[in-house]
Amino acid sequence: QQISWTPLLVVGYLFYLLLGAMVFQLLEKQAETHFRDQFQLEKLKFLQNYTCLDKQALEQFVQVLLEAWEKGVNPEGNSTNPSNWDFSNSFFFAGTVVTTIGYGNLSPSTVAGQIFCVFYALFGVPLNLAFLNQLGKGLNAHLITLERWVQKPGRAQVQLAIFLTTGTLLFLVFPPLVFSYVEGWSYGEGFYFTFITLSTIGFGDYVVGTNPNKHYIPVYRSLTAIWIVFGLAWLALVFNVGADLMEKFLQIKWHKPDFSLAEGTATKLEDEPEQPRIHIPS
């Protein structure tokens, strides 16, 4: 007899959200208050140094800066900054649309561009999911090949360890080194950007190729978009493995054995060959 673990999962999910809300509030609220007070102090200092301006004029200028940022124009630098809509940047933006990352630092400003973006995403998101699904199947087939090579007890655990280690190095450990060198970020900031991107969370606080004071090679963002696609497939497979293991844990944890069938079940298990305990979903 099996007990439904759905209510437990719902309660655990809500508890996880509440826990996250409390921790984020504890860590970030005080810092936000400090930055807000510091910003107001800087505005007062600016008005004191430039007496030809009044508070209303300054607020209007700040509004202009905010609108420029919302339109994807970096207020730093000058009009010679590279365009956000050259081919390389447009290719990168198209990738963030179909992968649903949506950094938020750049978006279409024309009505035609917005309408096209809607229909582009309407067909592009399913196409991207189908592509990632096929890519995941390819990775899964590779894992099956590894399992055939490893003819030892616990081979499922070995192939999973190889898969996790290789993917972690290629998609989470080495890329932050590149981003740190090119963007001038710390390794921690690069790692944060890497995970936030590949998990499709995409806050937009860190985006590659947006510093007006740096000169990037033309294909830099295009290569980053390709890395994102393959990294998405790997991390999605990792998330699927984690979800599969969590579901199996809950099913085992809340399963009541039927003792009337215990003897027959034991006999059946003895007759069946040992199966890998960890299943890699496609």
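Here the Cβ of each residue, glycine as well, is placed from N, Cα and C on the backbone.
The domain 'Potassium channel' annotation in TrEMBL covers 80-137, 169-247. The N-linked glycosylation site annotation in TrEMBL covers N78. According to TrEMBL, the transmembrane segment annotation covers 6-27, 87-106, 112-132, 158-178, 190-208, 220-239.
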The transmembrane segment (112-132) and the transmembrane segment (220-239) contact flag, 3+ Cβ pairs under 8 angstroms
yes
Which residues of the chain, 6 or more past the ends of the transmembrane segment (190-208), have a CB below 8 A from one of its CBs?
96, 99-105, 171-172, 175-180, 182-183, 220-221, 224, 228, 231-232, 234-235, 239
Run through the domain 'Potassium channel' (80-137) and tell me, per DSSP, how many residues are helix, strand and coil.
39 helix, 0 strand, 19 coil
Mind tallying the domain 'Potassium channel' (169-247) by DSSP state, helix then strand then coil?
55 helix, 0 strand, 24 coil
Short question: which residues 6 or more past the ends of the transmembrane segment (220-239) have a Cβ under 8 Å from it?
88-89, 91-92, 94-96, 99, 101, 131-132, 135-136, 139-140, 164, 167, 170-171, 175, 182, 194, 197-200, 208-209, 280-281
The average per-residue pLDDT within the domain 'Potassium channel' (80-137) comes out at 88
